[in-house]
């Protein structure tokens, strides 16, 4: 593991560099499939489902029968776990509802702001060996609270033409309105253009491999919004001698098992803690089934010693971690001072995996430094803010002159006229 | 003008089509300039400032002296108008502040959501004959309320190396921290990468020509966020016999004078109203200094008659107008039912120009159908939402088992371990 002591600020940007990937090759493939799905609809979807998923389907939509069957397949203890998680996610996201903001800015000038649901939402859930049903919860629950009308979920079928039952169970539980057995680029293209089977949506959410990531980027060029730009998952822990080294090691490893490109950083004002965590990692690593993956990510991880909390905070804000665990004697200093982070986990008993599954916070978070300028998924991600205004005669008399002067100064005479005409009518009525 | 009576729903998408532009040619130029600015910094900025703006500058930053001079040049009545507008914009956007959302989702599991400012903001304000100082207000005022640390403004210099005094006055009044005489692609590239003179920012706001629009899109590929995708400005008015035809005409014309590609639509359940508005447009058009522009936009405009308010609302939601004026006997029906619109103006005395300048609502709004999935600029545009969680021993005992079960079902053993270790430690302490 890489230990770095007291790095000088001029080395931070290199030290904190994330692995970058080139997507040029992928882009061509993605564009071709988009063109084909736009032109041929389900025919193209069928072609690529056969090519990439190795299966031919007569019907892409999951039937109520299939859902019922899936429900029967899920162990009760998993059902209960999912229900507990759902309940917490619901509570936290429902609390994010905001009232209409109403204000009379000048007498007779009433303005208000309101959030209304994005009507058509698409969720992408990857397939494969690890069925990400937790992501179904994280996306469908707030979409439902927001009042989105259509919530479409696409996930690739396996060789037998099925979607993992845990995904179906969660989707059904959380109010997804249509579940489709379509994966990869063809799913994103389908939700972008609409096909005979796949509804066109206004915003696409969810994780995916590089192909899905590039496809989501491309979708934005066709007027579809996406949750946020993607990148490899990452965790930064700041810890001192008040932290339990075994806990810190377990958190770093839980991040590391996501993929070989996962980013794992420990920042500490204690060299002892760094050494202790390093030892614990070796012990715990050997016991992991995904050891091969975690080992590679850990090899690229960095354990950074700095002199004091102020320097640590500055460095952390420069990085802007997706997940940020604070376990120090100065927790409040970090809580108050953190400017850029996706989700923050505080204290010895708050592992990142709590937020990944069941505490109630969302696990779809900005990575790759995007915590500097993007929010994690939250209730507002499923709404858009609209403004309204209603001005009385008195109101336009109060602000009309200012509008006329400003419009004239900007050279927009017709803007001025729209006010002048109204003011004149009010004068004439007198 | 194009009058359409009772269009059938299957013709709506063609009827409501917006003009599309190809940006392929521009893209190449923009990419080249980005590369050069990234590599050569101020040298490249100087080259393109000389090429596009026809001026060589020793110093891009506007000095306090220049600002003071500009303040002296602005007429008092314009200053007062700007101050009134600023005050209303401030009131409306300050009211949008939200409290920390705190919730104990399960006993011992405390989660909260907080909005923190995006630290570095870039504003782009176009130059030319019409100085858009109103846009300075619309962007700098909420940035300031949000608490953004750096607010950089770029605007192209004129041939004498100056920025319009009204822009400088507004920028200074609204707390812009640095004003730079840099325009076009080189300004957006400069704020994306940072140069010796131009600070790198995290999010870029503001309007611009096609070059600026494409440059902002490209900036997102380098990790910079932007306010929203751009398109030609548009207005849809729904009006019936309760509307004053002259007022409706003046609003349609104020939209039409923006540019020949402006979108202007009138939807009505009254053929009389449509005819009366058409006549009024001809009368008012002749008096406009920007007649040539407005005339072309009006020629492409559409006056659409529909049988009843329900059909009108459905058609309007399909379009998703940037600006939406409601002037009917059924105002509440439209207010409640509108799903997709940027900003809504209600009643005979609420011209769109009120919202453009001084009512307090923001005039940076989603156009081109983006009202379906994007918010207009508001206070939240300058913040990002972060989540926090602190779990007690009791808390992890309450949700730990659910996390273990879910992590295991997703095949993520290290995620499970992070919880198991903690639960075991609590058990051992007993």
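Keep in mind that glycine also has a Cβ here, set from the backbone N, Cα and C atoms.
Record features, source TrEMBL:
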BINDING   A:124, A:186, A:209  NAD(+) binding site
BINDING   A:233, A:255, A:258, A:323, A:356, A:410, A:415  substrate binding site
BINDING   A:255, A:258, A:356, A:415  Zn(2+) binding site
ACT_SITE  A:322  active site, proton acceptor
ACT_SITE  A:323  active site, proton acceptor
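Feature map: TrEMBL annotations on the structure.
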residue: A:124; record: NAD(+) binding site; Cβ contacts under 8 Å, 6 or more apart: A:153, A:154, A:155, A:187, A:188, A:191, A:204, A:205, A:206, A:207, A:208, A:212, A:216
residue: A:186; record: NAD(+) binding site; Cβ contacts under 8 Å, 6 or more apart: A:33, A:37, A:44, A:45, A:48, A:49, A:52
residue: A:209; record: NAD(+) binding site; Cβ contacts under 8 Å, 6 or more apart: A:126, A:184
residue: A:233; record: substrate binding site; Cβ contacts under 8 Å, 6 or more apart: A:255, A:258, A:259, A:262, A:263, A:322, A:323, A:367
residue: A:356; record: substrate binding site; Cβ contacts under 8 Å, 6 or more apart: A:134, A:363
residue: A:410; record: substrate binding site; Cβ contacts under 8 Å, 6 or more apart: none
residue: A:415; record: substrate binding site; Cβ contacts under 8 Å, 6 or more apart: A:403, A:407
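Cβ neighbour count for residue A:323 (substrate binding site) (all protein chains, 10 Å cutoff from its Cβ): 25. Shown in sequence order, A:126, A:154, A:156, A:183, A:184, A:185, A:187, A:188, A:208, A:211, A:212, A:215 are the same-chain residues outside A:124, A:186, A:209 whose Cβ sits within 8 Å of the Cβ centre of the NAD(+) site. DSSP assigns residue A:186 (NAD(+) binding site) to a helix in the three-state reduction.
Chain B lies within reach of A:356, A:410, taking the binding-site residues A:124, A:186, A:356, A:410 and requiring a CB-CB distance under 8 A. Of all Cβ atoms in the protein chains displayed, 26 besides its own lie within 10 Å of the Cβ of residue A:322 (active site, proton acceptor). Cβ-based crowding with a 10 Å cutoff singles out A:255 as the top-ranked of the binding-site residues A:255, A:258. In this record, NAD(+) is bound by A:124, A:186, A:209; the longest C-alpha to C-alpha distance in that set is 13 Å. In this structure, residue A:233 (substrate binding site) belongs to neither helix nor strand by DSSP; it is coil.
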